[in-house]
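K.L.:
Submitted below is the structure of interest, expressed as structure tokens.
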Amino acid sequence: MPKVTKEKKSRIHNDVQKQGIVFNKDFGQHILKNPLVITTMLEKAALRATDVVLEIGPGTGNMTVRMLERAKKVIACEIDTRLAAELQKRVQATPLQPKLQVLIGDFLKAELPFFDLCIANVPYQISSPLIFKLLLHRPLFRCAVLMFQREFAERLVAKPGDKLYCRLSINTQLLARVDMLMKVGKNNFRPPPKVESSVVRLEPKNPPPPVNFTEWDGLTRIAFLRKNKTLAATFKVTSVLEMLEKNYKLYRSLRNEPIEDDFKMQDKVISILEEQDMAAKRARSMDIDDFMRLLLAFNSAGIHFN
């Protein structure tokens with residue numbers, strides 16, 4: 001039976017190639033061909049018959065068809081009009097056709113409809129903005145099961161002190177619970193990518209954390225510019241101080257509050273870091289609670305990062 005499935009997948013892929021459709025690596029078009037990987041991804045998403053599923057980059061529809069068989073509806077977002085047409089043709093005149101909605105265009109620019117789950121073999125070049133578009137979407141979805149480049153996936157789950165721990169790690173973990181599900185080798189794709197892949201499960205925190213994400217992202221962006229430097233050294237950088245001073249003066253102006261006569265942004269920032277016992281800390285070893293406390297201290301003093 002597995003041989004029949006494999007032959008069917010190969011035939012569909014070959015039919016696409018015979019029609020002159022060349023897979024575009026600029027769009028990250030590496031088609032997932034292993035049905036066992038697809039089955040595992042669907043199982044880990046706990047897909048229900050009542051679910052609306054969002055898929056980004058459906059390609060030739062190997063995973064799309066499997067989801068259509070189980071879900072109430074699949075919304076497939078595809079930037080390549082050729083593949084979008086092939087996907088629609090694949091389910092044409094079948095019971096699956098009414099359950100498929102194809103959105104043609106750039107996912108990052110699209111206005112997302114309601115969905116319960118997101119399951120996708122993600123175009124790797126849009127991985128980071130894709131994650132935050134999903135996690136900042138409202139209403140919250142239940143979970144996402146996504147295929148990423150392996151190193152990117154490892155960054156998502158990295159903890160303070162890990163070599164790969166970075167701004168991506170802490171920003172994602174602020175908004176969601178992140179779990180590594182499995183590794184997927186290059187030979188599971190056609191054409192095979194140059195890198196290894198991994199599947200990750202994201203479950204948005206509900207309720208969301210009580211923090212302005214724009215402010216949070218501004219703080220972590222500065223802190224992780226040089227994650228091995230102390231915060232005291234990082235916040236002495238001229239461009240950082242100029243940005244914070246501009247924001248501070250605007251904030252005071254909007255509140256009709258005068259600027260202190262002896263005001264110096266560097267002194268104010270260092271004073272806050274020392275009060276929080278964080279002047280000697282480095283971003284590489286700081287967790288979510290550390291950054292929450294630091295952001296609250298800065299904001300309470302009128303220092304903003306947006």
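Quick reminder: no glycine exception, Cβ is built from N, Cα and C everywhere.
Keep in mind it's a predicted model, so treat the numbers as computed, not measured.
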K.L.:
Quick one: which of Glu69, Glu78, Glu86, Glu151 does Swiss-Prot put in the S-adenosyl-L-methionine site with His30, Leu32, Gly57, Asp106, Asn121?
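P.N.:
Only hit among Glu69, Glu78, Glu86, Glu151 in Swiss-Prot's S-adenosyl-L-methionine site, alongside His30, Leu32, Gly57, Asp106, Asn121: Glu78.
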K.L.:
Across all the protein chains here, work out how many other Cβ atoms are within 10 Å of the Cβ of Glu78 (S-adenosyl-L-methionine binding site).
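P.N.:
Excluding its own Cβ, Glu78 (S-adenosyl-L-methionine binding site) sees 25 Cβ atoms within 10 Å.
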K.L.:
Restricting to the chain of Leu32 (S-adenosyl-L-methionine binding site) and a gap of 6 or more, list residues whose Cβ falls under 8 Å of its Cβ, or answer none.
P.N.:
Ile38, Gly59, Asn62, Met63, Asn121, Met147, Asn188, Phe189
K.L.:
Taking Asp106, Asn121 as the binding-site residues to compare, which has the smallest set of other Cβ atoms within 10 Å?
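P.N.:
Ranked by other Cβ atoms within 10 Å, the binding-site residues Asp106, Asn121 bottom out at Asp106.
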K.L.:
Test of understanding: give the count of other CB atoms lying within 10 angstroms of the CB of Gly57 (S-adenosyl-L-methionine binding site).
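P.N.:
Other Cβ atoms found within 10 Å: 26.
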